[in-house]
Structure formats: structure tokens, C-alpha cells
């Protein structure tokens, strides 16, 4: 018969063997089984379900048998004091559990803690690399954007990923494409051209913008096609020379010594007003669009008012050439249309005659038109 003192001692030994785990205490029936039954598993098995006592979860059969033998030694020992058996049994349980295998509950806690530490370490490493990558991207892209430079991050189940900076900065890195060039003009300081651009995906005319030529490096093909459709890009230096020479000749004409016989304030005022209008017309040309429509369209409009000579019906002016100075013999006439535009008829050295918008003449043969104006100027 198991005494209550012995039962308490057995339970205290098993509880002390695992400080982090509190198994159900032995019952009197279980304790008696451990004494009366000599099998290697009877004493520490639960009689309810036939499984090992919870204090021994996680131990192998040999280890459980070793503890069983210690319990038998304590219960039926023929040598040594009760205290010696007590210490021996307690030490055996502690030794086996600490050096061999931990209880399943402790093993699960340990594995959970290990996974948590690995996950925490992985998250910190990912956040560090992500922050460094975002910082590097920010320094590079004050717009340009190379999101593909970042190394791919391996997937990990159960991990809550941080949003990539690439998706957040998608709008800031959006690229704008030029759909077409609508018009062009010379800059006021004469340093180059400006182009009137229509942007792809923006159909509202208010979205069209004027941009300097040096800012249009991304649409050089459109610029080349634009000038090709207009007979070639005008020479900037010739336009500047034309502007200066026209302004100078206008100023000279306005201050020509007047004839003493017709010395009136009205005539002086008229000459100055006419020369000022001519200068303003050149200035307006420089500041305004060089081509409000293509040269071919202008040519068709001009031919409505003035037909070329029959001998020039099949003649095609060399619009691809930058200058016509060596090809044109002279400017024959200059006329003004109903809409205020000036057109000039020129004679080519090969004998052909053709009519063109005065702006084209300024671009292609400015010296010829100056010679015409000088030949027809009248002093009063």
C-alpha cells in the first residue's frame, strides 16, 4: 500500500524534474501500479488513455525505461536510505531531460522562438536593404528611374511585405512623349528656335507648350521631319543678318536728308512712320512663328492669287537647300495679298520664274530681297 507521504514525494520529484512544466500529479492508483507492475512502462503511464505520464513527454523508450528503473529502485530498493533513493531518482530525471530531449512543449516553444527570431532578423535585414535602396533611388532620380536596379527579394510565407518605392513613385517618374510638332519660332535673342509641342495623350490645346530647341533632344526625328516638310531648316545666321540689315536700312531711310524744296513735317513724319512699320514687321516676324503652315500649303495659297509663268509650270524649287543665293537671279516683284501677307516673284538663273511667300524668300535668299528693296526705295 502506498503511503500518502510516498505519493507526495513521488509527485514532488517529478515536478522538480521540470520546472517549466507542471504535469498532473500521480494518483494513488498510478503509484501502486508503479510498485506492483514490473513492466518498463506501467508506473509512469496514464491509466486513462494508456499514454506516458505528461512529465515524460518527449523522451524515448530507453530514457523512460531508465527513469522507470530509478523509480523501481526508489520503491523497492533494498540498499541505501530513503533520502538516497529520492536524490538518485530526482537526479536521473533531471539528467535525462536536460541532456537528451526536452519535453514536447518546451521543444515547440523553442522552435517558435527560433522562427520568431529568424523572422525578426529577416524583417530587419529586409527593411535595412529596402531603406538603403529607396534612399539610393531618391538620390538618382531627382526622374529617372531605374527600379530594375534593385535586387529581387525572396518570398517568405507569412511575411508582411513593405510596399516598394517603385509603385509609390510611379506617377513622379511618368514619362511624357511628344506626339507632333505644331509650329516653330525664333527666340527673341536670336540664339535658336522654339517648338510648339503637342504631347501624347493630352488633346486639350491648353496642354500644348513652347519648348526651347535644346530641351527637345528626345524628339529630334520629329524636328527633322517637321523641317523637311517645310523645305528645310532656315539658317539662323542669315535670319539675324536679315533682321539687322533691314533695321539698318530702315533707319537710314528715315533720316535721309530731305529736299529743301519739299521740307515739310508731314513728309518727315510719313517717312519715319513707314520705316518704323517696316522694322516692326521684321521684328514681328522674328518673334512670331516662322511657319504658320507648311511651305507647300503656303505655296498653294499664293498660287490662287498669282499664277507662275507657263514656262515654270513643271519647275520644282529646291526647298531642301538652305540657301538660294547662288541659284536666284533676282526678285522681280513683291505684292501684298488681301490678308496682308507679302509674296515675291523671283527669277532663277536657269530661266524659270516662281512665286513664294516673302518669309521663304527671307530665309532662302535674303540678300536678293534686300537688293530689290534698295532698287525700289524712293527718297522724297
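Please read every residue number as a count from 1 along the shown chain.
For all residues, glycine too, the Cβ spot is worked out from N, Cα and C.
Checking Swiss-Prot for region 'Disordered' across the ranges 100-156, 157-213 points to 100-156. Per Swiss-Prot, the stretch carrying the note region 'Disordered' among 250-273, 274-297 is 250-273. Mean pLDDT of the predicted structure over the domain 'Chromo' (176-238): 85. Sorting the domain 'Chromo' (176-238) by DSSP state (H, G, I as helix; E, B as strand; all else coil) yields 21 helix, 20 strand, 22 coil.
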